[in-house]
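Engineer: There's a structure below that I have some questions on.
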Amino acid sequence: MKRVHVIVEGRVQGVGFRYFVQHEALKRQLTGWVKNNDDGTVEMEVQGNESALQLFLDTIEAGTMFAKVARMHIEPRDVRSDEKQFRIMYGSGF
């Protein structure tokens, strides 16, 4: 089990990127959250099986027809054993 914090730069807001991220996470049974930041980046924390997580990150980095990822900053985080779902966060609150 592994957890990472990711900041994604590029054309990633207003193009359905958070929904794409959520779909790909759920498809791989990953948990965590994703949200838009005021600076135009998308931020997320994701955890799960290490191979599923790597496949998820590779897929996210490739983007979509509308979302273009320029750069991803990835840092390890402590695993949260209490987390059971992957959700889209709205606003600045958790």
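Each residue, glycine too, has its Cβ placed from N, Cα and C.
Below are the features listed in Swiss-Prot for this protein:
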- 3-90: domain 'Acylphosphatase-like' (DOMAIN)
- Arg18: active site (ACT_SITE)
- Asn36: active site (ACT_SITE)
Engineer: Write down the Cα-Cα distance for Arg18 (active site) and Asn36 (active site), rounded and given in Å.
Structural biologist: 8
Engineer: Take the Cβ of Asn36 (active site) and count every other Cβ within 10 Å, whichever protein chain it belongs to.
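Structural biologist: Asn36 (active site) is surrounded by 18 other Cβ atoms within 10 Å.
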Engineer: Go ahead and report the DSSP secondary structure tallies for the domain 'Acylphosphatase-like' (3-90): helix first, then strand, then coil.
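Structural biologist: Across the domain 'Acylphosphatase-like' (3-90), DSSP assigns the residues as follows: 24 helix, 35 strand, 29 coil.
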